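First the structure, in the form of structure tokens, and then the observations on it.
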């Protein structure tokens, strides 16, 4: 460890190349020399001094000149959170955070996947109609839509950690109460409250992205979808084991177990250092950065932590529609709405295609008037086909990791929307169950990767002061699309398959155009200040 400078806090170590003279021919002057974070991350340099010492003063052996320059020209070295996160790199701190956030996503996925099984089960148990089945799904997404901006505002005002802690407690409570709902009305209310709590889950991605170095951010955020896919697969397997013998109530109760675990571990989640700096709590931000340095076994940066840019109006929904962000926000709202509309539509259509009498395709004629005369519980083969299509999310994730770095965020999302449109239109041209499973497998993988690409792009394009409310606003519009999709995938699909898949194809094509119209490409860029 190098000698500590006078006046610097104990425990700080000067990194190689940080605040020290550079050899002749270096592009930076002493006054503009960056700290260790600059050399590692390529971030913004410290403010340059209007006067630079002559090159001769930087030669070896010119100790008096260097001492004078270090005192007079560089009186106050600074660094930002972006520079610190990039310099401290990816290590054990991020691994622990990945597991915590991944558990949150796994629990969210289980609550979403259960909707594709719950509707048919209630249709057989309580005799609810097709429209009531759709309502069970819609009310969850209604709660998510109404709460998304609320959670985003709460996260930007009071921090990501308190919001996620409250989210975990409420999710477990309402999920468990849903399993003992005495009537259809009570079930709708409790599932709506589950949706309200789920609206906070996207804030876990905001927290996660703010602790990731620039080079690893896209890959790590996309890899989060592994936890989502794992949760979806686990829920299908749990439904196969529990529903035929114990019923849907036990399925709802057991599905709340990961939520209980997440609620327990949330007190150990770190608060965002970016949030602390933006809100004027630099001491707490420094403590968090020191913890990262300790966990990752890297020396802490030398200097003073500063705000990366103007903080603006924190948590302001109005600022999202300002002149500089209006076009980006409106296009992202439509992209997220289309993404959720297409993703959950495919999940629900898969159940409709594989359900009933193990038909390969559901014909257009309705066989009942909305009561239990056509009740056909999902068979083992149906659950296995659902599991296979759910497993498609894993190759979709890894393909997205490669494509998103090679072609950029915008082009990746545009191509994935087009590929999805082609897959869903192919549903109408085959009745062979094996081919149908392959088509659904490809479509599920593409749309899952697309959702994660949107989660990568959105936190990158919004500044720190508006990042949570920006993601929350996009999530709210996504839930609007998810609210509408049951009436296409469960109601219209029963009367006309061609009409249903055409709707999804049109939305996907329009969203592809919207992706190309986005004004910014964020590949390789630091998080916006």
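Any Cβ shown, glycine's included, is placed from N, Cα and C.
Per TrEMBL, region 'Disordered' is recorded for 1-56.
Taken from TrEMBL, the feature compositional bias 'Low complexity' applies to 41-56.
Taken from TrEMBL, the feature domain 'Major facilitator superfamily (MFS) profile' covers 97-523.
Residues annotated as transmembrane segment in TrEMBL: 131-151 (among others). Here the transmembrane segment (131-151) has long-range neighbours at 111-112, 115, 118-120, 122-123, 163, 167, 184, 187-188, 191-200, 202-203, 317, 340, 344, 348, 370, 468-469, 472-473, 475-477, 479-480, 482-487, 490-491, meaning same-chain residues at least 6 beyond its ends whose C-beta is under 8 angstroms from one of its own.
Here TrEMBL flags 163-182 (among others) as transmembrane segment. Long-range contacts of the transmembrane segment (163-182) within its own chain (CB-CB distance under 8 A, at least 6 residues past either end) are made by residues 104, 107, 111, 151, 154-155, 190-191, 193-194, 196-198, 200-201, 203-204, 207, 249-253, 255-256, 259-260, 262-263, 266-267, 269.
Residues or ranges marked as transmembrane segment by TrEMBL: 221-242 (among others). Sequence-remote contacts of a segment are chain residues at least 6 beyond its ends whose Cβ falls under 8 Å from one of its Cβ atoms, and for the transmembrane segment (221-242) they are 98, 101-103, 105-110, 112-114, 117, 205, 208-209, 212, 250-251, 254-255, 258, 378, 380, 383-384, 386-387, 390-391, 393-394, 396-397, 400-401, 404, 448-449, 451-453, 455-456, 459.
Per TrEMBL, the feature transmembrane segment maps to 248-269 (among others). Sequence-distant contacts of the transmembrane segment (248-269) (same chain, six or more residues past either end, CB-CB distance under 8 Å): 97, 100, 103-104, 106-107, 110-111, 114, 117-118, 121-122, 125, 160-161, 164-165, 168-169, 171-172, 175-176, 178-180, 207, 231, 235, 238-239, 242.
Look at TrEMBL and you will find 330-349 (among others) tagged as transmembrane segment. Outside the transmembrane segment (330-349) by six or more residues, the chain places 112-113, 115-116, 119, 137, 141, 321, 413, 417, 420, 424, 427, 440, 443-444, 447-448, 450-451, 454, 457-458, 461, 473-475, 477-482, 484-486, 488-490, 493, 500, 504, 507-508, 510-511, 514-515, 517-518 with a CB less than 8 A from a CB of the stretch.
A Cβ distance under 8 Å defines the sequence-distant neighbours of the transmembrane segment (386-404), meaning residues of its chain 6+ beyond its ends; these are 113, 116, 218-219, 222-223, 225-226, 228-229, 232-233, 236-237, 240, 350-351, 354, 378, 412, 415-416, 437, 440-450, 452-453, 456, 523. Marked as transmembrane segment by TrEMBL: 386-404 (among others).
Annotation comment: TrEMBL describes 413-429 (among others) as transmembrane segment.
Under the heading transmembrane segment, TrEMBL lists 501-520 (among others). Same-chain neighbours of the transmembrane segment (501-520): 327-328, 331-332, 334-335, 338-339, 341-342, 345-346, 410-411, 413-415, 417-418, 420-421, 424-425, 427-428, 457, 461, 488, 492, counting only residues six or more beyond its ends whose CB sits under 8 Å from a CB of the stretch.
Confidence across the domain 'Major facilitator superfamily (MFS) profile' (97-523), taken as the mean pLDDT and rounded to a whole number, stands at 82.
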